[in-house]
Amino acid sequence: NGSSTTEFLLLAFTDTRELQLLTFGLFLGIYLAALLGNGLILTAIACNHRLHTPMYFFLLNLALLDLGLISTTLPKAMANFLWNMRTISYAGCAAQVFLLVFLFSAEFSLLTVMAYDRYIAICKPLHYRSLLGSRACATMAAAAWGSGFLNAVLHTANVFSLPLSHGNALDQFFCQIPQIIRLSCSESYLWEIRITMASFLLLSWCFVLIILSYVQIFRVVLRMPSQQGRHKAFSTCIPHLTVVSLNFSTAMFSHLKSPFISFHTLDLVVAVLYLLVPPAVNPLIYSLRNQELKNAVWKLK
């Protein structure tokens, strides 16, 4: 049972030492890119008083979440590749699951809050400062982090209360809830469907709120008489929409396909996409079309 399991065996990509080192180098490059990009955004926003606005406050929180996400899985995976190991302790696996669910849930909630921020800025600009004051922003950010924490407690407690009877080998390079459920002696497919449905409901709720916000935004923007005004409004929305599309598409595909489709290579590709790509790419997406942020980053050099 769970109490007799002291460690789990993570997936080894390959037994060839050269390929292990190549994978280590690839993951190290992605990790350093994420650290550099998100670190620059954090420093630029913290040091530049012109960026102390609600939009950049939420972007700072997003950068923190991205750093946490990629740091939860990659360092352990890289250490295993470098030292030719596969093990992770039971407590370490539980901590990894908790942090992943916590940070993912908080990130999707925060993306929803950021859509609301764009809705107020474009549709109700005269009420922007009153509706999104410092206290309101702090409350919404705390709600996003708090909802992620509560979701993580419930998921982690449920999953690690299951008795394990099918060994301790996980078919993934990090601890993933569906992989742990499959080691259970109970009706694992029912548990997997329940976990999937719970994740789907959270993602769907966030997604619907974001869509509703942008429907209102596009209605207002398309009615603007000034082409310059429309361009400015769209330029602040496109990075957020791109990040939302990237995060939701990979996460929804990963969670929805797991009870019914399980191909080894496909699982690995999807895991890399939704775990590693967004934290490394999000800073680039937000920086490319944001002149204020680019100027602030250049001032750091």
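Even glycines carry a Cβ here, placed using N, Cα and C.
Remote same-chain partners of the transmembrane segment (20-43), defined as residues 6 or more beyond its termini with a Cβ less than 8 Å from a stretch Cβ, comprise 13-14, 59-60, 63-64, 66-67, 70-71, 74-75, 77-78, 81-82, 84, 276, 279-280, 282-284, 286-287, 293, 297, 300. The annotation transmembrane segment is assigned in TrEMBL to 20-43 (among others).
Residues or ranges marked as domain 'G-protein coupled receptors family 1 profile' by TrEMBL: 37-286.
Long-range Cβ contacts of the transmembrane segment (55-74) within its own chain (Cβ-Cβ under 8 Å, at least 6 residues beyond either end) map to 27, 30-31, 34-35, 38-39, 41-42, 45-46, 96, 99-100, 103-104, 106-107, 110-111, 113-114, 117-118, 121, 137, 141, 144-145, 173-174, 236, 243, 275-276, 278-280, 282-283, 286, 293. What TrEMBL lists as transmembrane segment is 55-74 (among others).
Taken from TrEMBL, the feature transmembrane segment covers 94-116 (among others).
Residues of the same chain lying 6 or more positions beyond the ends of the transmembrane segment (136-154) and with a Cβ under 8 Å from any Cβ of it are 54, 57-58, 61, 98-99, 101-107, 109-110, 112-113, 116, 202. Annotation source TrEMBL lists transmembrane segment at 136-154 (among others).
The transmembrane segment annotation in TrEMBL covers 197-221 (among others). Listed as Cβ neighbours of the transmembrane segment (197-221) (distance under 8 Å, sequence separation of 6 or more from its ends, same chain) are residues 105, 108-109, 111-112, 115-116, 118-119, 122-123, 151, 155, 230, 233-234, 237, 241, 244, 248, 251-252, 255-256.
Under the heading transmembrane segment, TrEMBL lists 233-256 (among others).
Counting residues 6+ beyond its ends, the transmembrane segment (268-286) has Cβ neighbours under 8 Å at 11, 13, 27, 30, 33-34, 37-38, 40-41, 59, 62-63, 66-67, 69-70, 73-74, 172-174, 176, 239, 242-243, 246-247, 250-251, 253-254, 257, 293 in the same chain. The transmembrane segment annotation in TrEMBL covers 268-286 (among others).
Sequence-distant contacts of the transmembrane segment (94-116) (same chain, at least 6 residues past either end, Cβ-Cβ under 8 Å): 55, 58-59, 61-62, 65-66, 68-69, 72-73, 76, 88, 140-141, 143-145, 147-149, 151-153, 155-156, 159-160, 174-177, 180, 202-203, 206, 209-210, 213-214, 240, 243-244, 247-248, 251.
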